[in-house]
């Protein structure tokens with residue numbers, strides 16, 4: 001019955017969909033429909049940050065918890081829902097998620113990417129189904145269940161909902177961590193997003209590669225296209241490209257020949273833009289090439305930049321570079337069993353018979369800004385047996401994986417919020 005009701009959901013307009021969801025709630029057992037209702041509803045509120053904030057305000061009201069709004073930049077609001085612990089002087093636990101998603105190419109999707117269509121196999125299609133509306137709702141529903149069971153924990157729990165993550169976080173978490181409102185949260189440990197895992201294991205990320213977006217500028221002698229002009233920009237450009245791509249091949253070889261390495265353990269290099277020239281018959285006075293580099297926290301970043309300087313010097317006279325983005329964070333979170341936070345996380349996963357695979361995150365999330373503040377943060381999305389489809393066409397998450405994730409957080413949140421007082425907290 002639930003299958004046919006949810007399929008019917010997609011034939012009506014947005015206002016009617018909300019009424020339809022309420023009807024769904026009345027017709028099907030609460031424990032199964034309520035979380036699905038919330039993620040379906042969340043897909044409707046994708047046009048603006050304001051709509052997402054209104055949705056979160058309603059969730060906070062339903063949970064009976066206060067919500068604070070912090071405008072970190074004009075039009076960019078961080079929402080914080082707080083469940084105060086029995087010992088609020090202790091360091092808190094943060095459950096972080098972001099409210100934005102990446103754009104879509106609707107023509108490549110099976111279904112409307114903002115309609116949350118659920119197919120016959122239970123796969124819920126929609127932009128953000130993996131990144132990361134699922135985790136947002138899983139946090140909320142886990143808290144709902146724990147409160148309904150009359151639970152309360154020593155440590156305060158903050159649910160933070162942050163904008164701008166998908167475009168670098170500059171108007172979101174990067175600014176938020178510098179504000180007094182962030183420091184007043186008194187954070188001891190944070191959970192943030194991770195990635196799906198196609199196998200039965202769950203991937204856990206304890207650090208991230210540093211994104212360097214670099215443009216190399218190659219000036220040269222201009223001239224007529226009919227002549228052998230010396231010292232051209234194109235010749236210098238070729239040497240620069242060769243240096244970067246030769247290094248790329250070495251790193252690719254390291255990854256492919258080591259059973260121990262994952263993508264997060266090596267430096268990826270991708271040439272993303274080339275610019276230059278004004279006409280077919282004019283040798284350009286300058287050509288530029290841009291690269292997207294992702295560098296593990298284990299790499300000496302100062303030495304790596306010296307390598308780039310050497311490549312530019314070899315390429316020719318007056319070759320320079322500048323950064324559009326240059327992160328220098330080499331912090332990573334301890335994953336030794338002697339660490340109280342990691343032990344609480346890992347032992348709870350073990351008790352649920354979950355296989356945990358520790359990795360360096362290959363891209364970038366908001367947790368890098370939290371780690372830069374000297375705070376431990378783990379990237380984790382409870383999505384096993386799921387292809388990695390974030391930012392892809394036809395992004396989906398299976399209903400059963402989604403519901404299982406709520407159960408996972410039902411166990412993880414109490415474990416983390418019950419970590420005994422640490423040194424300096426008593």
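Including glycine, each Cβ sits where the backbone N, Cα and C put it.
Because TrEMBL annotations are produced automatically, they should be read as predictions rather than curated entries.
Remember, it's a predicted structure, so these values are computed and weren't measured experimentally.
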| query | Which of these, 98, 253, 327, 343, does TrEMBL list as part of the Zn(2+) 1 site with 131, 193? | reply | 98
| Since TrEMBL lists 131, 391 for Zn(2+) 2, which candidate among 89, 166, 174, 181 does it give for that site as well? | 166
| When you tally the Cβ atoms that lie within 10 Å of each candidate's Cβ, which of the binding-site residues (98, 391) has the highest tally? | 98
| note | Minimal Cβ count within 10 Å, across the recorded positions 131, 165, 166, points to 166
| said: Other than 98, 131, 193 themselves, what residues in this chain have Cβ atoms within 8 Å of the centroid of the Zn(2+) 1 site's Cβ atoms? | reply: 97, 128, 132, 135, 165, 166, 192, 365, 366, 381, 390
| said: Checking your reading of the structure: which of the recorded positions 98, 100, 131, 165, 193 lie inside a 10 Å Cα sphere centred on residue 391 (Zn(2+) 2 binding site)? | reply: 131
| note | What DSSP reports for the domain 'Peptidase M20 dimerisation' (206-316) is 43 helix, 36 strand, 32 coil
| query | Taking the centroid of the Cβ atoms of 131, 166, 391 (Zn(2+) 2 site), which other same-chain residues have Cβ within 8 Å of it? | reply | 101, 102, 128, 132, 390
| task | Please compare the recorded positions 100, 193 by how many other CB atoms fall within 10 Å of each one's CB, and tell me which has the fewest. | result | 100
